[in-house]
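*Asks:* Reproduced below are the annotations present in TrEMBL:
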- 514-523: compositional bias 'Acidic residues' (COMPBIAS)
- 24-508: domain 'Major facilitator superfamily (MFS) profile' (DOMAIN)
- 512-536: region 'Disordered' (REGION)
- 20-49: transmembrane segment (TRANSMEM)
- 69-88: transmembrane segment (TRANSMEM)
- 100-119: transmembrane segment (TRANSMEM)
- 163-190: transmembrane segment (TRANSMEM)
- 213-232: transmembrane segment (TRANSMEM)
- 349-367: transmembrane segment (TRANSMEM)
- 373-392: transmembrane segment (TRANSMEM)
- 404-423: transmembrane segment (TRANSMEM)
- 443-464: transmembrane segment (TRANSMEM)
- 485-503: transmembrane segment (TRANSMEM)
Amino acid sequence: MSGRELGVLNALDVAKTQWYHFTAIVIAGMGFFTDAYDLFCISLVTKLLGRIYYTDISKPKPGVLPPNVQAAVTGVALCGTLAGQLFFGWLGDKLGRKKVYGLTLMLMVVCSLASGLSFGDTPKGVMATLCFFRFWLGFGIGGDYPLSATIMSEYANKKTRGAFIAAVFAMQGFGILAGGIVALIVSSAYDHKYDLPSYKENPEGSIVHSLDYVWRIILMFGAVPAAVTYYWRMKMPETARYTALVARNAKQAASDMSKVLQVEIEAEEDKLNHIVESENQRYGLFSREFAKRHGLHLIGTTVTWFLLDIAFYSQNLFQKDIFSAIGWIPPSQEMNAIHEVYRIARAQTLIALCSTVPGYWFTVAFIDYMGRFAIQLMGFFFMTVFMFALAIPYNHWTKKENRIGFVVMYSLTFFFSNFGPNATTFVVPAEIFPARLRSTCHGISAAAGKAGAIVGAFGFLYAAQSTNPEKVDHGYPTGIGVKNSLIVLGVVNFFGMLFTLLVPESKGKSLEELSGENEEGPEAVEMAGSARTVPV
């Protein structure tokens, strides 16, 4: 312990793993469960929306969402998330983590429910309402990223901090899985009630009016886990690091953590005054001092998250097209509307169960042994390898006898994104920046990730279209095809590996050691800089 470190912060750093750690993981993690459910459940219902609102029964194929509507429906929540990450990240440093935390959750509950409602029954009215509420839903989800990560990092001990923050993020895997399971249950229930013919057999009979409830139920269910955790979120005390180092209230910090840790902690007001009055506590985000200490770190965390999410979200959003290409989902005219939802949900659930969820929990298990840097570098490396292994012999994988091999390789890219940069890009920004800028910097890093997600979601919606004009989806221009899209993603992952060299290793160090907040003068710059992985 540094001579200048506050007793309350040291008590948190050396605390043994106990019940309040798990409570914090569950409370913060249920927010992430909801985030993932809300963001990814839309890909389960876009085909159904196309059938219900855009089918012309005189055509040989059921309707699909027009390209601009598809891009808006799938991408608008990501735009809201990006805005929310920047705004609530900044607000979390200004007003405190706890105050803002409840606000984001209420926004998520209200907008989840509202996204299942519509003003009018015309395609334009329904899509406009859906996009409006999904933007604000995304805005609330955006706030959850920096706040959940910051709260967990500030509550955790330094020995297992990585595992605790990664465990919060790992709830995202269960959220994706829950989305698939809810869609399976709802579609099965409707299938039992209505025994519908395929579109090919009877275009008009393959869709019934009450199927309009299916997508609404799936989207509105996202409000349930968020509402359940609201009470517990409001009972959590503010983090000691915010109360002491930002709000400058040593008595309150000591009192709150005495209750949490169940030990007597001295307030140390004189020591706190000395720390907060030092030069270390004065520089702002846009200062030369911040650039000198943390500039390269911020570039590292933002660019790696940006590159990762291009690959991660493009995979998630065009995976149903991959499933169609390899035969897991039959041509749309050979199914009725509800069978299509069931098949897409089943495929997404299998991928989540076999690769997405295990990947997250491998990170939780190994992050405090291997370190953040090694896991991130390894993840990007294997994602690059598997993307090229899928892309270069792509025609080989599309043959019927090789389809299972394709699914295994595709699952492995997901596994190594989650046992890799998808988890570590979330963990590291919550550890390496000063307390008064921590939430803001995490929000900036996460927003860069969502910018990558928007590139992935919008860009690859068009890019993955076939080069053959006869094989493109209705209303889309020709693209570069799935094969070339996978090659581009391989290159993106390779650059992710290079930018990982700017990201510092934070394993086993206290948050104040990493940010240099406890030191003065040149020693502080040295402390912050010493966290670097490689000389720059």
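Cβ coordinates come from backbone N, Cα and C, glycine included.
Locate each feature and note its surroundings.
*Replies:* In the predicted model, the domain 'Major facilitator superfamily (MFS) profile' (24-508) shows an average pLDDT of 87.
Only residues 6 or more beyond the boundaries of the transmembrane segment (20-49), in the same chain, are considered here, and those with a CB under 8 A from a CB of the stretch are 64-65, 70, 73-74, 77-78, 81, 104-105, 108, 112, 127, 134, 137-138, 141, 144-145, 148, 151-152, 155-157, 160, 164, 167-176, 178-180, 182-183, 211, 214-215, 218-219, 221-222, 225-226, 228-229, 232-233, 236, 260-261, 316-317, 319-320, 332, 337, 340-341, 344-345, 348.
Nonlocal intrachain contacts for the transmembrane segment (69-88), taken as residues 6+ away from its ends with a CB within less than 8 angstroms of a stretch CB, comprise 38-39, 42-43, 46, 49-50, 100, 103-104, 127, 130-131, 134-147, 313, 317, 439, 443-444, 446-447, 450-451, 453-454, 457-458, 461.
With a cut-off of 8 Å between Cβ atoms, the residues of this chain six or more beyond the transmembrane segment (100-119) that come close are 31, 34-35, 38, 84, 88, 91-92, 125-126, 128-130, 133-134, 136-137, 139-144, 147, 151, 215-217, 219-223, 226-227, 229-230, 233-234, 236.
Taking Cβ pairs closer than 8 Å, the transmembrane segment (373-392) reaches residues 304, 308, 311, 363, 366-367, 406, 409-410, 412-413, 416-417, 419-425, 428, 483-484, 486-487, 489-490, 493-494, 496-497, 500, 503-505, 533 in its own chain, all 6 or more past its ends.
Cβ atoms under 8 Å from those of the transmembrane segment (404-423) belong to residues 166, 169-170, 173, 304-305, 308, 311-312, 315, 319, 322, 326, 328, 351, 354-356, 358-360, 362-364, 366-367, 375-376, 378-380, 382-383, 386-387, 389-390, 397-398, 496, 500 of the same chain, restricted to positions at least 6 beyond its ends.
Through the fold, the transmembrane segment (443-464) approaches residues 67, 70-71, 74-75, 78-79, 81-83, 85-90, 92, 142, 145-146, 298, 301-303, 305-315, 317-318, 321, 425-426, 429, 476-477, 479-482, 484-485, 488 of its own chain, all at least 6 residues removed from its boundaries and within a Cβ separation under 8 Å.
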